[in-house]
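> The annotation topological domain 'Cytoplasmic' is assigned in Swiss-Prot to 1-9, 57-78, 127-197, 248-268. Sequence annotations record features per position, and here Swiss-Prot assigns topological domain 'Periplasmic' to 29-37, 98-107, 217-228, 288-296. Under the heading transmembrane segment, Swiss-Prot lists 10-28, 38-56, 79-97, 108-126, 198-216, 229-247, 269-287.
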Amino acid sequence: MMFKQYLQVTKPGIIFGNLISVIGGFLLASKGSIDYPLFIYTLVGVSLVVASGCVFNNYIDRDIDRKMERTKNRVLVKGLISPAVSLVYATLLGFAGFMLLWFGANPLACWLGVMGFVVYVGVYSLYMKRHSVYGTLIGSLSGAAPPVIGYCAVTGEFDSGAAILLAIFSLWQMPHSYAIAIFRFKDYQAANIPVLPVVKGISVAKNHITLYIIAFAVATLMLSLGGYAGYKYLVVAAAVSVWWLGMALRGYKVADDRIWARKLFGFSIIAITALSVMMSVDFMVPDSHTLLAAVW
């Protein structure tokens, strides 16, 4: 029973979602030549760091979690694990994760993990989430760290491919998160969390969602245009972007914003999973010249 509680407080669903993106970034950079020990070290290292961040987040959010229907039954809210024990647990998870990334992968991968962790726990959870409408934007940077860590674990450098991955996953986080805030509007309102739909209104949030999906679409295409992924990835990226944008535009005419937002959120998971899979398997380009160079 205790094992289940210690697992729940790490938010395993979030860990799993991040692992998919780590694999995408890692295999994209590997280009078919996979270093399996490095692969395992990277996956486990990132998992532990994400788990640590989630436990710290649960500790920090105890007060607001009590006010939200979705989170009122979390382990720390119900007192199933003491706050002091959760801090020790989170610290041990983080230390183990950073050590694995440093010694098993490379220092760059570890530092990227540290930066993502500090942004999520120190900047987003401790301050921005409670005090600024821009909290989601800041949080998106930490959410984009895992695929970049996976990529840089292989390359050992932060190149344009890593920058494109950072852009793709950061931009994806915005409509994904705003959709959650719309269909969980009352929860965020009750907890006094200043997310965009609550502060500026759902109509404004819809405009932001549309613009971010357009920016996301452009960023996804850059992986192929920059010579990092192939034509199959390009086709899938274009298809999911167009479909997601179409769903966003239909939001201006819907009768029930909550139902629409749930569908938009659901497809966001499908979209980012499809991209992660495609960049994993379609990493080859036709020749040494990039598609972007061919266009010019």
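Heads up, the Cβ atoms here are built off N, Cα and C, so glycines get one too.
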> What is the three-state DSSP composition of the topological domain 'Cytoplasmic' (248-268), stated as helix, strand and coil residue counts?
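Split into helix, strand and coil, the topological domain 'Cytoplasmic' (248-268) gives 15 helix, 0 strand, 6 coil.
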> In the topological domain 'Periplasmic' (217-228), how many residues does DSSP put in helix, strand and coil?
9 helix, 0 strand, 3 coil
> How about long-range neighbours of the topological domain 'Cytoplasmic' (57-78): same chain, 6 or more residues beyond its ends, C-beta under 8 Å?
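Same-chain residues near the topological domain 'Cytoplasmic' (57-78) but 6 or more away: 5, 8-9, 11, 86-87, 90, 120-121, 125-126, 129-130, 184, 186-188, 190-193.
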